[in-house]
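Chemist: There's a structure below that I have some questions on.
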Amino acid sequence: MMLVVSENYLLSPSLYLKALKLCSYQNVKKQLLLIHGNSITNGFCSNLQLKDMLIDLYLKQGDVKHARKLFDRISKRDVVSWTAMISRFSRCGYHPDALLLFKEMHREDVKANQFTYGSVLKSCKDLGCLKEGMQIHGSVEKGNCAGNLIVRSALLSLYARCGKMEEARLQFDSMKERDLVSWNAMIDGYTANACADTSFSLFQLMLTEGKKPDCFTFGSLLRASIVVKCLEIVSELHGLAIKLGFGRSSALIRSLVNAYVKCGSLANAWKLHEGTKKRDLLSCTALITGFSQQNNCTSDAFDIFKDMIRMKTKMDEVVVSSMLKICTTIASVTIGRQIHGFALKSSQIRFDVALGNSLIDMYAKSGEIEDAVLAFEEMKEKDVRSWTSLIAGYGRHGNFEKAIDLYNRMEHERIKPNDVTFLSLLSACSHTGQTELGWKIYDTMINKHGIEAREEHLSCIIDMLARSGYLEEAYALIRSKEGIVSLSSSTWGAFLDACRRHGNVQLSKVAATQLLSMEPRKPVNYINLASVYAANGAWDNALNTRKLMKESGSCNKAPGYSLVY
C-alpha cells in the first residue's frame with residue numbers, strides 16, 4: 001500500500017508526524033523523501049520533533065547521509081542533541097559514525113554525559129576498538145560520570161568483549177550496585193575467554209545476591225558447558241531455566257539443543273527439537289551436524305533436512321554444507337547432486353568458500369573429478385582448503401600430473417600451501433612411484449615453506465623411498481627423526497614389508513625389532529621377519545622366529561598347507 005501525499009492534508013507538524021509513522025510501518029523510503037521535501041516547502045522542517053523522527057527513519061533505511069545532513073542543520077546543538085544522534089548511530093549499528101560524531105562533539109567542547117558515554121562505549125565494544133575505548137575511559141575518569149552505573153556497565157562490557165577480563169573485573173568489583181547487564185557481560189566475557197569455571201562461579205554469586213538470570217545469562221552458561229563438555233551442567237541449567245519460567249523461550253531452546261548436541265546427548269537435543277512447533281534454523285543445523293558425526297545416525301540427519309524443506313524452514317549454506325559432508329561420508333554422490341541442485345535453486349543459500357569446499361570434497365572423494373573441477377572453477381573466492389581438496393582428489397584417483405599442475409598453479413597465484421597440501425602431494429608421489437619428485441616436494445615443504453614434517457608426511461616419504469628400493473635412504477630419514485617424531489606401527493610395517501620384498505635382511509631385523517617392541521602379540525610381525533630369513537636361506541633364524549611367536553602367546557595363525565602331497 002502506497003502512501004498518498006497531498007498538500008491539502010499536510011498542514012501541521014502533527015500531520016507530518018502521522019504520515020511519517022505510516023512510512024515507518026511500511027518501510028517506504030520514496031515516500032519518506034517526499035514527505036521530507038514537502039515539510040521543507042511548507043516551512044515545517046525546523047520543528048525539532050519532526051526533525052528527530054526524520055533522522056530516525058533515515059537511519060532505519062540505512063541512509064546515513066540524509067540523517068547526518070539533518071543533524072548538521074540544527075543551529076543550537078547541546079549535549080542532548082549530540083547524545084541523541086550518537087545514540088541513534090550506535091543503536092542502528094553505524095558505530096564508526098558514532099565514534100566520529102563523538103570526536104566532533106569533543107572538538108566543539110561539548111561535555112558528554114553518562115548517556116553519551118554509554119552509547120559511544122557500546123560502539124567501541126561492537127567494533128572491538130579497545131584503544132579508542134580506553135581513551136574514552138580516561139575522559140570518564142576526569143569527568144563526573146566515573147561512578148555511574150550505565151558508564152561502568154558499558155566499560156566492563158567493552159573490556160570483556162576485548163578479552164581484558166582483569167580490567168573488566170576491576171570495573172565490576174568497583175560498582176556499588178550491579179544490574180543484570182553487568183552480570184551478563186562478565187559471565188559472557190569469561191565464557192568467551194575459555195574461563196568456564198569462573199563463569200559458573202560468578203553465576204553462583206549472582207544467584208546468592210538474589211539476581212534473577214535471563215535467557216542471555218543461560219545462553220552464556222550453556223556455551224561455557226560446551227567448553228568443559230559437561231552434560232550434567234547442561235541438564236542442571238535446563239532444569240533451572242524451566243523453574244524460572246524460560247522453558248518456552250525459542251532462544252533458550254536453540255542454545256539447549258546446541259549444548260546437548262555438543263556435549264554428546266543427541267537424544268535430549270532431539271526431544272527438545274521435536275517439542276517445538278516451529279522449526280528453527282540453528283537447532284536444525286546443530287542436530288544435523290551432531291547426527292553427521294554418528295555413523296549410524298545419517299538417516300536422522302536426512303529426515304531433519306527433508307522436514308526443513310517440507311515446512312519451508314529458512315535454509316542457509318551451513319546446513320547444506322553439513323548435508324554434503326554426510327553424503328561424502330556415506331559415499332552417496334546421487335543424493336549429493338540433489339542437494340547441490342536444491343542449493344542452486346534456492347535464493348537463501350550463499351555459495352561461500354565453505355560450501356564450495358564441501359562440494360569439491362564430495363565430488364572428488366566420489367570419483368567425480370570433472371564435477372569437482374567445475375565446483376572449484378566456479379568459486380569466486382578460494383582458500384587453501386579449496387586447492388588442497390582438488391589436489392587430493394587428483395592424487396587419490398591417479399591423476400598425478402594434474403595434481404602437480406594444480407599445485408604449480410597454486411604457487412603461481414601465491415596461495416601458500418599447508419601441511420595437508422603437501423601430504424596429498426606426497427601421497428600421490430608414493431602411489432605413482434614418483435620418488436625423485438616426491439623428495440623434491442618434501443624438501444620444498446621443509447626448506448621453502450618451513451613446515452615441520454608430521455608422522456603422516458614421514459610415513460609417505462618412507463613408503464615412497466622403500467617401495468622404490470631406496471631402503472638405506474629411508475632408514476637414514478627414520479634415524480634423523482628419532483626423538484622428534486614417533487613413527488606408527490603401520491609405517492614400520494610398510495618399511496618391513498618393503499625390506500622383505502627387496503630381500504634386505506639387516507634392515508628387516510631392525511624394522512621387525514621395532515615392531516615387536518610396539519606390538520609383541522601381533523603374529524604378522526613375526527611371520528614377515530621369518531619370511532625374510534627363509535627367503536635368504538637362514539632357516540634356523542626363521543625357525544627361531546616362529547618359536548618366539550608361539551612363546552609370546554600371539555594369536556594363533558592357521559598354518560599354511562598345500563593340496564599337492
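Glycine is no exception: its Cβ is also placed from the backbone N, Cα and C atoms.
Bear in mind that the values here come from a model prediction, so they are computed numbers and not experimental data.
Summarising the annotation, Swiss-Prot assigns repeat 'PPR 2' to 47-77. Feature annotation from Swiss-Prot assigns repeat 'PPR 3' to 78-112. What Swiss-Prot records for 113-147 is repeat 'PPR 4'. Marked as repeat 'PPR 5' by Swiss-Prot: 148-178. Among the features that Swiss-Prot reports, repeat 'PPR 6' is placed at 179-213. Annotated repeat 'PPR 8' per Swiss-Prot: 249-279, in sequence order. The repeat 'PPR 9' annotation in Swiss-Prot covers 280-315. The feature repeat 'PPR 10' is assigned by Swiss-Prot to 316-351. The repeat 'PPR 11' feature in Swiss-Prot is assigned to 352-382. The repeat 'PPR 12' annotation in Swiss-Prot covers 383-417. The repeat 'PPR 13' annotation in Swiss-Prot covers 418-448. Annotation source Swiss-Prot lists repeat 'PPR 14' at 454-484. Look at Swiss-Prot and you will find 491-565 tagged as region 'Type E motif'.
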Chemist: Near the repeat 'PPR 6' (179-213), which residues from the same chain, at least 6 beyond its ends, have a CB less than 8 A from one of its CBs?
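Modeler: Those are 149, 152-153, 156-157, 159-161, 163, 165, 168-169, 172, 220-221, 223-225, 227-228, 233, 244, in sequence order.
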Chemist: Under an 8 Å Cβ to Cβ limit, what residues of the same chain, 6 or more beyond the ends of the repeat 'PPR 3' (78-112), are close to it?
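Modeler: Residues 52, 55-56, 59-60, 64, 67-68, 71, 119-120, 122-124, 126-127, 129, 132, 136, 139, 143, 145.
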Chemist: With a Cβ cut-off under 8 Å, give me the same-chain residues at least six positions beyond the ends of the repeat 'PPR 8' (249-279) that come close to it.
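Modeler: Sequence-remote neighbours of the repeat 'PPR 8' (249-279) are 215, 218-219, 222-223, 225-226, 229-231, 234-235, 237-238, 241, 286-287, 289-291, 294, 297, 300, 307-308, 311, 313.
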Chemist: Taking DSSP states H, G and I as helix and E and B as strand, how many residues of the repeat 'PPR 9' (280-315) are helix, strand and coil?
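Modeler: Secondary-structure breakdown of the repeat 'PPR 9' (280-315): 28 helix, 0 strand, 8 coil.
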Chemist: DSSP-wise, what's the residue breakdown of the repeat 'PPR 12' (383-417) into helix, strand and coil?
Modeler: 26 helix, 0 strand, 9 coil
Chemist: For the repeat 'PPR 13' (418-448), jot down how many residues DSSP puts in helix, in strand and in coil.
Modeler: 28 helix, 0 strand, 3 coil
